[in-house]
Amino acid sequence: MIFILAWILTFKNARRISPNIRPHIHVKVLERRDAQIFGYTPLGLFLQCTPYLSAPLDVFAWLSYGVIHFVSPFLCAAWLWFFAPPGIVGAFAWSFGLQNCLGIITHLFFPTAAPWYGDQYGYPLPPGNYSMPGSSAGLVRVDKVLGTHLYENAFKASPLVFGAFPSLHGAFAACCFLFIGRYSLKGRYVLGFYLLWQWWSTMYLRHHWRIDLLSGLAYAGFAFTLLQGFIVRKEHEFEMGLSGQPAWQRLWRGTPLEHWFEAKDTHAFDKLVTDDDEEDTLVCPV
């Protein structure tokens, strides 16, 4: 929880940092690097383009970017608490907090502009300064659909305007995918779809470049990798019967419904083995 708290407090108080000691704002570098890496392939051109805008697509993008994004960590933590080995939800919290702390440190020391910056201020891009307000970009169309100014006002008041790289929206989704996908085959498909949906939404709404999204994936993967030792230890304790049962079994213990939630095996997970009979992963049968 310490990393999560540090991330939230740093974000909320970023505007209090004096502009005199803050670094130069890079308004061109991401667009250039994004074009160099992705812009000269047919797939790359297709992924960044938003040639067609419509109210249904606006709402579809908003559901991922502006709604599910904020509840996804809580839903993921709840799922892990119910179905993963005891202790894994703690690993998720540490990984989630660490990736976000690393992300916001990058935002502060390497401030960068999102795609909306060029849309709003035009080309050639003017120099950025810390007095500039944030922009809801494509979400302003969602405000019109909903008849509100919710996102327009929220982004204008953002304490951290130049924080495009890495995309923490992308990192949120990637973190959930890595953890739930480890324990559920169905979850891999569901969270894999959500990850791609989030990526598309951020680009459609002009909040991130493709390079931002891949960097968010890298930050999530790095934090997840650092927690591997702890995760494997908790899985081993669970297999050996040292850590008890998942919450979905514990909650019904001592009730008339207890027998419906008893483990079918020695534990609640099926083992997938390779041809060499070595354990590959643990998969939750839900």
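Each residue, glycine too, has its Cβ placed from N, Cα and C.
Just so it is clear, the model here is predicted, and its values are computed rather than measured.
What TrEMBL says about this one:
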{"type": "DOMAIN", "residues": "56-225", "note": "domain 'Inositolphosphotransferase Aur1/Ipt1'"}
{"type": "TRANSMEM", "residues": "62-84", "note": "transmembrane segment"}
{"type": "TRANSMEM", "residues": "91-110", "note": "transmembrane segment"}
{"type": "TRANSMEM", "residues": "160-180", "note": "transmembrane segment"}
{"type": "TRANSMEM", "residues": "213-232", "note": "transmembrane segment"}
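Mean pLDDT of the predicted structure over the domain 'Inositolphosphotransferase Aur1/Ipt1' (56-225): 94. The stretches the transmembrane segment (62-84) and the transmembrane segment (160-180) are in mutual contact, each linked to the other by at least three Cβ pairs under 8 Å (pairs 6 or more apart in sequence).
Note on the transmembrane segment (160-180): residues 11, 14-15, 25, 30, 65, 69, 72-73, 75-76, 79-80, 84, 88, 91-92, 95-96, 99-100, 103-104, 106-108, 110-114, 128, 130, 132-134, 187-188, 190-192, 194-195, 198-199, 202, 207-209, 211-221, 223-224 of its chain, located 6 or more positions outside it, place their CB under 8 angstroms from a CB of the stretch.
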